[in-house]
Amino acid sequence: MANDPEGPQRSKEATEGDQLVTFRSLFSLREFRAIYASMLISWVGDYLTRAAVTVLIYQQTRSVLLSAISFAIGYLPWITLGPVLSALGDRYPYRRVMVVSDLFRMALTGVLLIPGLPTAVTLLVVLLASLGAPPAQAARSALMPLVVGRERLTLALATTTTSGQIAQVIGYLAGAALAVSLSPRLALSLDVGTFALSALLIATCVRVRPAGVAPERRRHLLRETAEGFQLVFGSPVLRAIAIVVFTTIAFSVVPESLAASWAAEATPDGIPQGLEQGLIMAAGPFGIVVGGLLFSRLVPDERRWRLVPLLAVATPLVLTPTLAGPPATVVAALVALSGMAQGAGLPSLNASFALVLPASHRARAFGVMTSGIQASQFLAVLINGVLSERFRIPLVVGLWSVAGTVLMILVATRWPDRGKLSAANSAAAPLAT
């Protein structure tokens, strides 16, 4: 493992464990401010592109299928090559990986500005540009514990998770509005600028650190990728965290994916369905934002780990009343409650996951997790979409949630206690920098 020759160099605020961790102390760290701003800017740019490209493809082809394919393409790199691409984050310095990934995406997004680009070429460019996301996100996740320190990590991750939800809403709304009212290429040109600004922030405000894996210890990229899987699923603590994250997301994403059809079923004739659909789609991100911030600020650190199993059970449990086929507004309220339970647990899970990892494997491990999340979402949406073609949506989602509740109860019975987490943290501490 390659250690930072200068040490973590965390500020006093980042290492004091006897003082309350606050947003002010978190944002007092210059590197965190740069990483946070870069992340927010590039995320907004990503969602701008997705929204703009779907409009552009539809305007060119008038095909709903091709427009949907252009949106789904962004998930393919994570599902197919995510762990391999994420391993690059450990092979090279984190800052370099982030900057090169942003510049790579900036250049390819710029290609989309060329007028008259064939649809097939547009889809190919979108696919190639999305290959830059896994290494960039993995490197950013691996760098975060080194920048904010152990005590601030939970609040930092809660803040970035919340901001990611907000960036998604802003990016989709702005991208769609600009693409429809003005021009898709205007939204794409803004995205080019976001990647350039993101790269500039990282290059100028984040100091150089060595790669997680020293050059003399590198192996074949596929072997290093396999080591990421072995680490995540070979450790009882990491495996438990991975299972909870994958399953809670799989059981909470379904209402959002079926919102349009659900609103049509649940809304009486003559009542606009757009608002009902919007409420269901926005309820989950809203709940995640509220739950994450409140839990991180109000619940002491020593109690968070013990509450995670309860929150995991609550995530699908609160959706089981959908079996009764309630109105869309009630569905939205239930989805918001589920989102709050999910959002409350995720920052603690993310922080615990990061603290148990050796620095040499952080990017790979985060790549495995993110790819697993994308795959869980994809399978959950696919399964429930197929079932909803044959059965009523409330029945499908309700029974899916019942199954999720039973599964999460079983998982909760095998949840590692605080002692096992502390032992894993202690074992990882010497390897954390």
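Just so you know, glycine gets a Cβ as well, placed from its N, Cα and C.
Listed in TrEMBL for this protein:
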- 34-57: transmembrane segment (TRANSMEM)
- 64-86: transmembrane segment (TRANSMEM)
- 106-132: transmembrane segment (TRANSMEM)
- 153-180: transmembrane segment (TRANSMEM)
- 186-208: transmembrane segment (TRANSMEM)
- 228-433: domain 'Major facilitator superfamily (MFS) profile' (DOMAIN)
- 229-254: transmembrane segment (TRANSMEM)
- 274-295: transmembrane segment (TRANSMEM)
- 307-324: transmembrane segment (TRANSMEM)
- 365-387: transmembrane segment (TRANSMEM)
- 393-412: transmembrane segment (TRANSMEM)
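The recorded stretches the transmembrane segment (186-208) and the transmembrane segment (34-57) share 3+ CB pairs below 8 A when only pairs 6 or more apart in sequence are counted, and are therefore in contact. Between the transmembrane segment (365-387) and the listed ranges 34-57, 274-295, 307-324, 393-412, the one holding the most Cβ pairs under 8 Å is 393-412. The listed stretches are 106-132, 229-254, 274-295, 393-412; of these, 393-412 has the most Cβ pairs under 8 Å to the transmembrane segment (307-324). Sequence-distant residue pairs (6 or more apart) of the transmembrane segment (393-412) and the transmembrane segment (34-57) include fewer than 3 whose Cβ atoms are under 8 Å, leaving the two stretches without contact. The average pLDDT for the domain 'Major facilitator superfamily (MFS) profile' (228-433) in the predicted structure is 81.
For the transmembrane segment (34-57), the list of distant contacts is 27, 63, 66-71, 74, 98, 102, 105, 109, 112, 119, 122-123, 126, 129, 133, 136, 140, 143-144, 147, 159-160, 163-164, 167-168, 170-172, 174-176, 178-180, 184-185, 187-188, 190-191, 193-195, 197-199, 201-202, 204-206: same-chain residues at least six beyond its ends, Cβ to Cβ under 8 Å.
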